[in-house]
Amino acid sequence: LRFRLAGYPRKHNEGRIEVFYNDEWGTICDDDFTLGNAHVLCRQLGFVAATGWAHSAKYGKGVGRIWLDNVNCAGSERSIGDCKHRGWGNSDCSHEEDAGVVCKDERIPGFKDSNVIEVRKLPARVGSWCGAVWEFSLGVQESSTGFPGSADPSGDPRGQGALSTLGRVAGDTSTATGHAGHGSGLLSPHRLFTERQELNYRLHSVSCTGTEVHLSMCSFEFYRGNASAACGAGMPAVVSCMPGPLFATGNAHKKKQRQLQQQQGQPRIRLKGGAKIGEGRVEVLKSSEWGTICDDRWNLQSASVVCRELGFGSAKEALTGARMGQGTGPIHLNEVQCRGTEKSLWNCPFRNITQEDCKHTEDAAVRCNIPYMGYENLIRLSGGWSRFEGRVEVVVGAGDGDQPRWGLVCGEGWGTLEAMVACRQLGLGFANHGLQETWYWDASNVTEMVMSGVKCAGHEMSLSHCQHHGASLSCRNTGTRFAAGVICSETASDLLLHAPLVQETAYIEDRPLHMLYCAAEENCLASSARLANWPYGHRRLLRFSSQIHNRGRADFRPKAGRHSWVWHECH
């Protein structure tokens, strides 16, 4: 059985549920449908659970067969076929009763999807290829036969399998460095600390073309038997990764990167709408105008070309359906089909867009592998009522030979841009608020102010990368109540006014004052209206229609509940 979500309008984790049975796609009737049914279906789609379900063809009417009716699952079944139902194809429903599901936006670790490489965060171990010493193990799991478990594309660089050895290294190292989060690398035989530890060999003859997004996708051979005695003719190889411009630490590295950027001129590709470094909606510059890419045929190979062009590693997700928010302006490219060897997305075959082809609901996005920098260990929140809010505390003295200590950030000048960097560094998404006073979160024994004058551009990966006063603190109000705080959010709204509509619909109207009492009560008129001879005379008004779009990833909803809204006739 295969499953998919369909219909419109919907998000990526919800939709009409369709099942592929007997070589034909069909729907499920909503009769007797329960949340237990939705749990089973969401797990089969690769999500951890369901948060709701929909009836009466909420996501539009399907076509073809209605495969299941009166489905009744307990919620723990492995497949919808294990639940009670009337039998395949036996239904008295119409497509007006097609069921839908709403799944929790969290993937099952290791779930196989052609556009996703799931990474499980496990402790690093040292293993080796015959030809490679590596500080993590290749995610190839041994099955009961002793062979790797069906070349799992979701293998993790820190996975549970033992790392292998390369006897004869073939191909390119961009695969190896790519899933480690680096842009490129060199591979060379080297006796690196091999005399001091016993190496455990698992793989040999690993052969990558360089276009793979993960090492588990390369061809290789697996050692059986005594792994420590293997690789007699070879030695461990070493991979040396070259950091992208964002991750270069030494001055020489940074100087080289600056020279490279000056030679290349203005970048023609960027990521927008992502909360973290290395993720976002893909936007390209064409004819001096930024635009998006349609997600038709969008896959991990094309996404990896984008990631590497921007100085990241290979892609771990190729996102479709405007998962990183809808863009604005033109959609420049469609059906991008990279082989994976291209230096730039512009070198890949693509089709120019026509107006009928795509909408911004189909904007393509990526999540890239990036090097682990450990910045999240240098910041924390205290006193908040949830893990997404609190007073900002940072580590100072780490790496200077001194004992590292936690301290507060001066709230003076602290705003949304600084909060954006703090939330990104914490891994908590977007910033809702940057707070200059946090007396209501006084729940920590940290009282010393250690950072002041923080001024961020908004794109930095850590607060330490922003401008600040350094060791010479300058904070007028040093009490803990004036320490900086943040409220972070996993999603963000991005409300944009449809400016052309305002221009197209604007007109001048002379309106009698006796028809403007309501507008006056709401301060919709200029202050001089108070001096007018009410109810006689008129006011000259500029009238226009407005339209506001939420291009971000947060639901658009008012803070006040519907019951507390106040309605005015003049609206």
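Keep in mind that glycine also has a Cβ here, set from the backbone N, Cα and C atoms.
Keep in mind it's a predicted model, so treat the numbers as computed, not measured.
Feature annotation from TrEMBL assigns disulfide bond to CYS29-CYS93 (among others). Annotation for CYS93 (disulfide bond): spatial neighbours CYS29, ASP30, ASP31, ILE66, ASP69, criterion Cβ-Cβ under 8 Å with sequence separation of six or more.
If you look up TrEMBL, you'll see CYS42-CYS103 (among others) marked as disulfide bond.
Among the features that TrEMBL reports, disulfide bond is placed at CYS73-CYS83 (among others). All protein chains included, CYS73 (disulfide bond) registers 21 other Cβ atoms within 10 Å of its own Cβ.
The annotation disulfide bond is assigned in TrEMBL to CYS294-CYS358 (among others). Around the Cβ of CYS294 (disulfide bond), a 10 Å sphere holds 23 further Cβ atoms from the protein chains shown.
Feature annotation from TrEMBL assigns disulfide bond to CYS307-CYS368 (among others).
Other C-beta atoms found within 10 angstroms of the C-beta of CYS348 (disulfide bond) number 18, with every protein chain shown included. Sequence annotations record features per position, and here TrEMBL assigns disulfide bond to CYS338-CYS348 (among others).
Look at TrEMBL and you will find CYS456-CYS466 (among others) tagged as disulfide bond. The Cβ of CYS466 (disulfide bond) lies under 8 Å from the Cβ of GLU418, VAL421, VAL454, LYS455, CYS456, ALA457, GLU460, each of these being in the same chain and 6 or more residues away along the sequence.
Residues or ranges marked as domain 'SRCR' by TrEMBL: 3-104 (among others).
According to TrEMBL, the feature domain 'SRCR' maps to 269-369 (among others).
With DSSP states grouped into helix (H, G, I), strand (E, B) and coil, the domain 'SRCR' (379-489) comes out at 20 helix, 35 strand, 56 coil. Among the features that TrEMBL reports, domain 'SRCR' is placed at 379-489 (among others).
The region 'Disordered' annotation in TrEMBL covers 145-165.
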Checklist entry - Closest to CYS103 (disulfide bond): which of the disulfide-bonded residues CYS307, CYS338, CYS358, going by Cα position? => result CYS358
Checklist entry - Tally of helix, strand and coil residues over the domain 'SRCR' (269-369) according to DSSP? => result 16 helix, 34 strand, 51 coil
Checklist outcome for this item: For CYS338 (disulfide bond) and CYS294 (disulfide bond), the CA-to-CA distance in whole Å is 14
Item to check | Cα separation, CYS348 (disulfide bond) to CYS83 (disulfide bond) (Å, whole number) | outcome: 46
Checklist entry - How big is the Cα-to-Cα gap, in Å, between CYS358 (disulfide bond) and CYS307 (disulfide bond)? => result 23
